[in-house]
Structures are given as C-alpha cells and as structure tokens.
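Engineer: According to TrEMBL:
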- A:30-37, A:147-150, A:Val176, A:184-187: ATP binding site (BINDING)
- A:His37: active site, proton donor (ACT_SITE)
- A:Gln61, A:Gln153: (R)-pantoate binding site (BINDING)
- A:Gln61: beta-alanine binding site (BINDING)
There are 2 protein chains.
Amino acid sequence: MKVVKTIQELKEFVQAAKKAGHRIGLVPTMGFLHEGHLALVQKAREENEAVIMSIFVNPLQFGPDEDFERYPRNLERDEQLAAGAGVDCLFTPDVEEMYPEPSIIAMTVTSRTDKLCGVKRPGHFDGVVTVVTKLFHLAEPDTAYFGLKDAQQFAIIDGLVKSLNFPVKLVGVDTVREEDGLAKSSRNVYLTEEERMKAPHLQQALKLGVQAAAQGEENVQAIVDLTISHLTAYAGAAIDYVELLSYPGLMPLKKAEGKMILAAAVKYSKARLIDNIIFTAGEEG
Amino acid sequence: MKVVKTIQELKEFVQAAKKAGHRIGLVPTMGFLHEGHLALVQKAREENEAVIMSIFVNPLQFGPDEDFERYPRNLERDEQLAAGAGVDCLFTPDVEEMYPEPSIIAMTVTSRTDKLCGVKRPGHFDGVVTVVTKLFHLAEPDTAYFGLKDAQQFAIIDGLVKSLNFPVKLVGVDTVREEDGLAKSSRNVYLTEEERMKAPHLQQALKLGVQAAAQGEENVQAIVDLTISHLTAYAGAAIDYVELLSYPGLMPLKKAEGKMILAAAVKYSKARLIDNIIFTAGEEG
C-alpha cells in the first residue's frame, strides 16, 4: 500500500491507475477506522482494480462547539488496518494541503439539511460537500463508497452528484454493527461502560418503529412516538431527534409509505450517537 | 462532427475518447459563434485529439433584467462554423437537460466578484461557476479554453479550479479583434452603424492607459482618468466602469505594479461592451 500525504503524489497514483485502465474506487473517511470503514473497502475491492482511501478530519464540517480537536485519531493503526483490508493508496493530507489558501467558492446545501442532524449542525453538510467535491476531483473515482449509517450525508452526496453531474457512481454500504446491534462508530470510544450497555437500544427502538410500519401502521407520529418511548425507557440518553422522512428526499410524510428513513440521534455524556433504518413500507424492515 | 443534445450521448462520446487515450479539449460557449470562439477551437485542436464545444445559453448567469431571452442564437450557422473549425463533438443541450430538477447545491463566488462586471451583475458569476462545474463533470476535459476578453470570468474560473481541485487545465486565449481593434463579441450585432464606428475607441482608451503605465506612471487613478477621458471624448457611450486591478486576484492597487488588468465596460443604446488589457508593469502592454 502506498501512503501519500500530498496532492501531487495522489495525482501520480491516479494518473498511473487510469493509464493502466484500472477502475478507481474511493473510500473517503475521517480515519480512526473500524469495521464499518473496512466493509466499504471490501466492497470497493470487489468492484475496482485500484482502491484509494482518504483519511482527513475535515475542519470545515465541524462547528465551533464540535469535536474537531478531540475527534479520535490514530494514523498508525489506520495504516495497518487499511493495508490489511486491501487499500492500494492511502491519502492522508494535512489541513494545509487540502485548504492551502482561502477558497473563492462557497458550496451550500440548499435542501435535505433542515432535518435530522442538519438542524443542530448548521454548515456541517456545506463542509461535507466541499471536501467530497475536492476529493472526487483529486481521486477521480469511478465509484465512491459511503456508509449508510450517515444516511443524511449519503442523501446529500447523492444530491450533490446529481445536481452537479459528477462522473462518479455512489454506493451506499449497510451499517456494520456490534454483535448486540450497536452501529460501529469512531465515536463509540467515548461511551462509558454503562452507556455502552444501553446504547444498543438505539437500534432496538428504531426496529420497533419499523416493525409497526411493516405491520400496517401508517401514522407517522405513532411510529415516532413508539421509538421515542423505547428510547426514553431503555437507552439512558437524551434524545436529540427521532424522525420518519422520505428517503433520499428527506421530506416530511403525511403517512408512512414509500421509501423512508426512521432515524434517531441520542446524546450520552461524551458521545452523540446516530442510527437509522432505511426501509420501504410493505417490505421487510 | 457529432452533434449531441443529451448528456447520455455526450458521455458516450467522452467515454469513447477516453478509451482511445485521446486528450479532450473543451470549449464552452453560449453560441452565436465568431472568430473569438473559433480561435479557442483552433487552440484546442492543436493540443487535443478530441475537441468538444458546448453551446448553451445558461439562464442561471443572466439577471432578471438581462438579455437571456434576446441573447442572439443561430444554431444552424454555429454548427457549420464549429464543424469547419474542427470540433469533433458539439453539445447543444436545452435548459431541461442541464437543469432537470432543482439543484440541492448552491455555488457562490465569494471573491473577485465585487469588481468590474460583477458589481452590476449580482449572481452572474455564481451562474457561471455552476454551469462550468457541470460542463467539466460532463465533458471531463483535460484542458478547457476560455477567451481572455472575459477576463474576470477567466480569473473566477481559475479560482474555481484551484479552490475545488478540478483535474482540468485552463487555457486563456487572447481576444480576437476586428481590423479596427474592436473586440469580437456576440453582442456587437446590437450596435448601430454610428456606434460601430466609435466602438474601437474602447480599446484605444485602454491602450492609452497601459502606455502610460509602461512609461512609468504608477498612479492608479491617473491611469484610470486617462482612459476615462479618452472614452468620454471619443467612444460615444456611457461609461459603466474603468478599473485597474491586480490580475488574476482582482484586488485594488495602491500603485500600478505587478500583473494587472485595465478593464472597461461601456453602454451603447442596445449593447454593453467590455474590453480589457492584461499586462505587467515594465513589460510592453
């Protein structure tokens, strides 16, 4: 595996891959890798001759009160995991490499942001689409792989690609979970032991809501309330939101039908966790 | 020459060109072609095996009071000229093809717009960078060719490419002029006979200013005033602006030094004309 820190080196890898007729798969990450990331690599590995992973904790997508400085980092371990998973080129730029001078272009997400995590994280998705645009231009992937745990992010990147005609195919990969159902997340390390015990109820609560919809419940508020009740009773965390929306449009629903997302965010003492289930009414959740 | 109206057909051309190892040169235009456009094609022809020209009058870059509806169009003549100049693929999408549904991304130019044409055309360059982004993603050019008559546009597209790391090389091509010095422009057709006689004074006035700088004048206002005096006396048009700025940064100057642009816009009865000279103090204008 080639580890490169500069744009120039990355471009050389990309040029060589293209010249060889290789398909390029890109896995953009913020590092502190877990099995969720490695599942993305595995999928990319199956579909491409050249797999690029980026590790870049993007300051643009963190708010002033968010955890940019203390976001967990472990580049040495990440390099081992990436190499083991079959990454061909690991791109680990520093902030100056990605943002060397003030940008003259601001990218703003004008839809799909006033729901879910977007409400409490103003500007977050503007930072996401900006860095994804830059990474797409640098790595020139045929296909890019993102986890569906960040379902709103996936919906917005899907909209980015369609709105601006990026020549990139997007693949959303199912959330990888611990045995007890907790979604893998770099932020899980912040959980206390007791919180870690209760955290799987986040997924349990969503499953309850989806089951109700599968059994014919069409009342959106009833599904949301069922989820909230379970979280309140068992999750031991403050509820940030529980929402049932269309997917990927993220529009409010009059009744629970079509392709939907039931998503929730909860706050533990030092970690905010998110999870979701994307499903279609009438199909198994 | 292949003429395509759909994104699908354009992508097929691009894929085939890439597969053949051809370099792609893109010449984005709004049509109503003149020798200025054909000079771009000629340059693209010299440097690429595949030359794509787009003709698209982009509604996003016209203000509500501007000339989108009456912008001159003559696709039949354009096709002949493009074919004659050596274009391989002419992309002529309609508005629905380029903007099929509401975009979820807004692109805003945050610098280089509060000068020159940007002042009177709020949002104009936002529309330009949006359509250029889409065209770059669709045509995937190695190199894109733009005329330096639209010097502010070139500076902004240069900033777009650098800010977002587009894998595209930009080439600015010198303004093509009539024998009497008037810059070629699709909007020249709007000039009355008398206005057409006087319009070359736009370039004359700029030349005077640049000559003064070449002869050691460092006072920015003195250079601008010299240009304004000549325009007032001879051009027979209302002066929109005359500005001397750094280039491509388009920053105000304390004194006339370094790489600069002296640019002017004047208004005739039915046509607003622009022209500029990009030069470096101490070098021949």
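Placed from the backbone N, Cα and C atoms, the Cβ positions cover glycine too.
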Engineer: List every residue in the same chain as A:Leu33 (ATP binding site), at least 6 positions away in sequence, whose Cβ is under 8 Å from its Cβ.
Structural biologist: A:Ile55, A:Arg77, A:Asp78, A:Leu81, A:Ala82, A:Ser186
Engineer: What is the interatomic distance between the Cα atoms of A:His37 (active site, proton donor) and A:Gln61 ((R)-pantoate binding site), given in whole Å?
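Structural biologist: The Cα atom of A:His37 (active site, proton donor) is 19 Å away from the Cα atom of A:Gln61 ((R)-pantoate binding site).
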Engineer: Using the alpha carbons only, what distance in Å do you get between A:Leu148 (ATP binding site) and A:Gln61 ((R)-pantoate binding site) once rounded?
Structural biologist: 18
Engineer: Far apart in sequence but close in space: which same-chain residues, 6 or more away, have a Cβ under 8 Å from A:Gln61 ((R)-pantoate binding site)?
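Structural biologist: Counting only residues 6 or more apart in sequence, the Cβ neighbours of A:Gln61 ((R)-pantoate binding site) under 8 Å are A:Gly123, A:His124, A:Phe125, A:Asp126, A:Gly127, A:Val128, A:Val131.
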Engineer: Just to be sure I understand the packing, how many Cβ atoms besides its own are within 10 Å of the Cβ of A:Gly36 (ATP binding site)?
Structural biologist: 21
Engineer: Measuring Cα to Cα, how many Å separate A:Gly36 (ATP binding site) from A:Gln153 ((R)-pantoate binding site)?
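Structural biologist: Answer for this pair: 15 Å between alpha carbons.
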Engineer: Can you count the other CB atoms that lie within 10 A of the CB of A:Met30 (ATP binding site)?
Structural biologist: 18
